[in-house]
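Chemist: The structure that follows is given in the form of structure tokens.
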Ligand SMILES: O=c1[nH]cnc2c1ncn2[C@@H]1O[C@H](CO)[C@@H](O)[C@H]1O
Ligand SMILES: [Zn+2]
């Protein structure tokens, strides 16, 4: 019975209740469709492709499902358009924290590019302060609803633009006030991370943290630059590290120098399975490199990237992985501890999240599960399904 218990796959309800940690989620990629519609109406933005929330949600998913990162990114025009006022930014950020908390996320680092929210006169500082205010409000509302979440912001600079140093300075200015690190995002091909070396060197001199979108639409050279030229603490996606791993017919695995470095140095990979399927970085969940990377014990983490464009949540991402790779609660805990270890908040705070929140949460789920298993055994069920309802 014991081995059966340990191999039984978690149900959706368990996945949802399990404490989850999210390191890679875009604020402008996670709006509620109804909020996009509301703010567009309030602010007079009349360029939305659909004005009914459900249809708009479908539109985002389909438009983002293009197989190309560049076309995927075009959909952000509409979300950024409704995130240009203080009130809109506060609202979107508060709802983001609320939605993540309701999904069982206990710690999140949510990123956005301040430079994309200046069209109606806000300053960079005003943007950061509005988002911070929204996150605090969302944390408060989540607490009232019985959920516990902590949200930190990552400030993103757009890689095709030339404001990275300025945004890095902004991240440093707010490092003790809601902002936990820096990132660069946007189209990868043609915009190598070394274009923004000044920003990364500045942050390193300030002992600050940053992640870099690399190894998503473009392969190993981008990962190599992000790590060895720019000094990234984590890789946004990094999924193409798979190109440096050879699996022979007999199952023997050989890591190239870069893949070995990434694994040896425990470089966190912010993997985003559903997003990769949409941009063409992976063909199916079954073929997604996360399966092999987990087996090889890379520092892999599970993330949503853009909940609106992918119609996803942390629960959805884990559910896909559970069904595809037969991951158990132990696997989920492994990914979650990996993520918490890789967060940009101080070490003692990460440790206390792991010991006081993550591990007890999984222990509680396991004990409830054992209890249910024992009751089910007594009732002599004929249900052979491994997905216990
Ligand atoms: O997966 C991705 N790869 C690269 N850039 C992205 C991805 N998702 C979103 N953004 C870009 O990041 C900006 C700030 O949040 C978004 O506006 C979008 O252009
Ligand atoms: Zn991303």
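Including glycine, each Cβ sits where the backbone N, Cα and C put it.
The following feature annotations were taken from TrEMBL:
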ACT_SITE  216  active site, proton donor
BINDING   24, 26, 213, 305  Zn(2+) binding site
BINDING   26, 28, 186  substrate binding site
DOMAIN    19-359  domain 'Adenosine deaminase'
SITE      237  site 'Important for catalytic activity'
Chemist: Relative to the Cα of residue 24 (Zn(2+) binding site), which of the recorded positions 186, 216, 237 has the closest Cα?
Modeler: 237
Chemist: If you measure every Cα to Cα distance among 26, 28, 186, the residues said to bind substrate, what is the biggest one in Å?
Modeler: 13
Chemist: Just checking: which of 26, 213, 216, 237, 305 have a Cα that is within 10 Å of the Cα of residue 186 (substrate binding site), counting only these recorded positions?
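Modeler: Near residue 186 (substrate binding site) by Cα: 213.
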Chemist: Among the recorded positions listed here, 216, 305, which has the most company in the form of other Cβ atoms within 10 Å of its Cβ?
Modeler: 305
Chemist: Filtering 28, 186, 216, 237 (recorded positions) by proximity to ligand 2: which pass a Cβ cutoff of under 6 Å to any of its atoms?
Modeler: none
Chemist: When the Cα-Cα distance from the residue listed as 'active site, proton donor' is computed for each of the recorded positions 26, 28, 237, 305, which gives the smallest value?
Modeler: 237
Chemist: For the domain 'Adenosine deaminase' (19-359), report the average pLDDT of the model, please.
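Modeler: That region's mean pLDDT is 97.
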Chemist: Between residue 26 (Zn(2+) binding site) and residue 237 (site 'Important for catalytic activity'), what C-alpha distance do you get in Å?
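Modeler: With the alpha carbons as reference points, the distance is 13 Å.
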Chemist: Scan 24, 26, 186, 305 for binding-site residues whose C-beta lands under 6 Å from an atom of ligand 1 and note them, or write none.
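Modeler: Correct list: 26, 186, 305.
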Chemist: List the other residues in this chain whose Cβ sits within 8 Å of the Cβ centroid of the Zn(2+) site residues 24, 26, 213, 305, in sequence order.
Modeler: 25, 29, 111, 183, 185, 236, 237, 270, 272, 275, 303, 306
Chemist: Fill in the CA-CA distance, residue 28 (substrate binding site) to residue 213 (Zn(2+) binding site), as an integer in Å.
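Modeler: With distance taken Cα to Cα, residue 213 (Zn(2+) binding site) is 16 Å from residue 28 (substrate binding site).
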Chemist: Check each residue in the chain of residue 237 (site 'Important for catalytic activity') that is at least six apart in sequence and keep those whose C-beta is under 8 Å from its C-beta; list them in sequence order.
Modeler: 24, 213, 214, 215, 216, 269, 270, 271, 272, 276, 281
Chemist: What are the other residues, in sequence order, whose C-beta lies within 8 angstroms of the center of the C-beta atoms of 26, 28, 186 at the substrate site?
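Modeler: Same chain, not in 26, 28, 186, Cβ within 8 Å: 27, 29, 73, 76, 80, 111, 112, 113, 116, 156, 185, 306.
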Chemist: Could you tally the C-beta atoms, other than its own, that fall within 10 angstroms of the C-beta of residue 26 (Zn(2+) binding site)?
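Modeler: Neighbour count, Cβ to Cβ under the 10 Å cut-off: 25.
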Chemist: Note down the number of other Cβ atoms within 10 Å of the Cβ of residue 186 (substrate binding site), including every protein chain shown.
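Modeler: Excluding its own Cβ, the number within 10 Å is 18.
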